[in-house]
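Feature list (source: TrEMBL):
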TRANSMEM  A:21-41  transmembrane segment
DOMAIN    A:79-289  domain 'ABC transmembrane type-1'
TRANSMEM  A:86-106  transmembrane segment
TRANSMEM  A:113-134  transmembrane segment
TRANSMEM  A:168-188  transmembrane segment
TRANSMEM  A:220-239  transmembrane segment
TRANSMEM  A:259-280  transmembrane segment
Amino acid sequence: MSKGRRLQASTQRKIDGTLFIAPWIFGFLAFVAFPLGYSLYMSFYQVQITVDKVVYTFIGFRNYREILVLNGSLLYEELFPFLKQALVMIPIILVFSLLVAILLNLKFPGRTLFRVIFFLPVIFSSGQIVQEFISQGEGSLSVLQSLKIDSYLQEYVPGGWAGPITTVMNSFVLILWYSGVQILIFLAGRQTISASVYEASRIDGSSPWNTFWKITLPGLVPYIFLNLLYTVVDLFTFPSNPIVSKVSTANYGSSSALAWIYFVIILAFVGLSLLLYSRVDRALSGTRR
Amino acid sequence: MAKTARELLERLPVGRSASPERWRKAASASLRMLQRIRYRLVGREIDQGIVFKTVIYIILINVAFIYLKPILYMATTMIKDAKNILDPTVIWVPKSLYLGHLKTAIDYLSYGKSLLLSFVIAGGVSALQVFSCAVAGYAFARLDFPLKRFWGTMLLFTFIMPPQVVILPTIMMFKSLGLMDTVWPMILPALFGHGLKGAMFVIIYRSFFSTLPKELDEAARIDGASAFKLFFRVMLPLSRSVIVVVVLFAFVWNWNDFYLPSIFMFTSHDVPLSIALAREAAEMKLDEGAGVMTVYGEAIKMASSFLIIFPLLIVYFFAQRWFIEGVERTGLVE
């Protein structure tokens with residue numbers, strides 16, 4: 001009797017759950033899965049749009065070959081420098097936002113004011129406004145220019161990397177602008193480490209430096225990776241990303257192929273960071289328990 | 001360091017001839033004073049010393065200046081008239097106030113219509129997303145449905161996927177529905193918990209709902225509440241802090257978004273503010289190319305930027321208290 005009722009409760013739960021998730025799944029099928037499959041389909045075809053209908057001609061991998069081999073300038077000369085730039089930017093964004101989040105978490109007079117200011121980028125950085133600011137030359141740090149760092153870089157940094165690093169240097173302020181959400185995530189994550197742990201470590205006579213490395217940082221590892229993921233996703237839909245504007249209605253077939261190549265690159269990036277995360281997490285939980 | 005010093009002191013071979021007691025007392029007194037000075041400067045804990053506080057303030061003020069500078073630049077540039085722009089002694093604060101650029105910018109942007117459209121898109125999408133993403137996030141966190149793990153992976157997949165991959169078929173879809181050049185392509189996906197960064201909001205809700213205690217469900221079930229009642233009467237009221245965060249994010253991101261409107265509304269006559277700004281910039285460049293040189297260009301651009309940011313600033317000004325609190329309290333993420 002009681003078993004039957006429990007079973008009933010669990011089926012009831014399942015029905016409720018299905019009802020709640022149904023709209024999302026419908027949306028997923030309509031706005032994600034179907035378009036995704038369709039763009040994969042189109043990437044193997046030559047798509048011609050006439051006045052009253054769309055003509056598809058199967059051309060196999062020709063779209064991909066065009067982008068990857070025959071006409072690789074877009075991929076190799078525009079996207080790859082951007083990816084290198086992204087690789088330089090990601091650690092800077094992470095370290096900077098971690099630093100600011102930890103500072104903002106401390107108690108000091110005027111904290112509220114600083115918080116209000118530091119959340120301003122969240123509001124502006126997603127828009128055209130920042131582009132406007134960059135074009136006004138607000139993006140670079142004049143200190144770096146006066147130190148002539150770029151000439152040193154040209155000399156000492158191996159071949160293909162000097163360019164991206166210089167670009168990153170020149171848009172350093174911009175990087176700070178783009179770390180608004182990351183600061184938020186770290187700040188939220190910092191709240192999850194309970195105050196009693198800090199108290200215990202203080203009583204045990206741990207120095208602040210040790211406390212940071214042994215308590216704060218390990219506690220923030222999940223958030224570091226969440227931020228890594230977010231930053232990767234965010235950078236790949238950056239307005240300055242060369243691919244974004246190339247996916248256009250001018251040529252449905254090859255644009256779809258390009259989008260898919262791009263997507264595979266992103267998946268590789270994300271997969272890599274997830275792999276790294278699982279490794280670090282396992283190592284940490286090994287020492288913790 | 002102080003500890004090792006004292007140890008050394010104790011190990012010191014104190015001669016029998018000098019009175020060792022007094023010697024030691026004096027030494028320990030001076031040590032204590034040193035300690036006190038050290039505490040004053042460095043602090044018992046790292047965030048209490050003067051040195052540390054000064055360093056923090058220096059860093060924070062510097063970064064805050066970086067964040068504020070473009071805004072100050074914008075505010076001061078847009079009120080400069082020709083005399084002030086050309087005057088080399090005027091860098092930041094203009095000598096007189098001129099509001100003509102604002103007027104020009106309002107004309108350029110056709111501000112009334114664009115503002116209304118921006119409000120419809122940002123307001124509509126955020127209102128829908130805050131609800132539909134909550135429903136989905138709730139299901140992911142606390143309910144059961146077939147293939148839950150699979151759909152969880154799909155949620156992550158949606159979060160990672162750049163919109164460019166699906167944009168072309170979506171265009172074709174909305175074209176066949178006859179919805180191009182309207183606001184519906186932005187709003188319709190939001191109804192189902194998708195739309196701009198919808199997956200992220202679902203993830204935020206999911207992590208919030210999974211932190212609530214299990215006893216809530218049990219208590220409600222014992223009282224005979226259905227899942228819907230439980231959700232609307234108990235869960236939603238509890239999630240006020242997340243709701244603030246999601247509403248603000250959704251509103252701001254949709255307000256600022258350029259990509260989707262530029263795809264779906266490009267041929268439209270009336271466009272939201274983000275597109276209007278881009279069109280204005282293009283128009284001005286064209287004028288420049290045609291030889292119409294003007295010193296006002298930058299001032300007008302800044303005035304239009306201000307007009308676009310201004311509503312957001314107001315929203316943020318009122319919401320920031322709850323927003324910051326909400327970010328702290330919800331744990332925002334898993």
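Cβ atoms are placed via backbone N, Cα and C, with glycine included.
Scored by C-beta pairs under 8 angstroms, the transmembrane segment (A:168-188) has its highest count with A:86-106, from the stretches A:86-106, A:220-239, A:259-280.
Contact between the transmembrane segment (A:86-106) and the transmembrane segment (A:21-41) is not supported, since fewer than 3 Cβ pairs fall under 8 Å when only residues 6 or more apart in sequence are counted.
Sequence-distant contacts of the transmembrane segment (A:220-239) (same chain, six or more residues past either end, CB-CB distance under 8 Å): 86, 89-90, 93-94, 97-98, 131, 178, 181-182, 185-186, 188-190, 193, 262, 266, 269-270, 273-274, 276-277, 280-281, 284.
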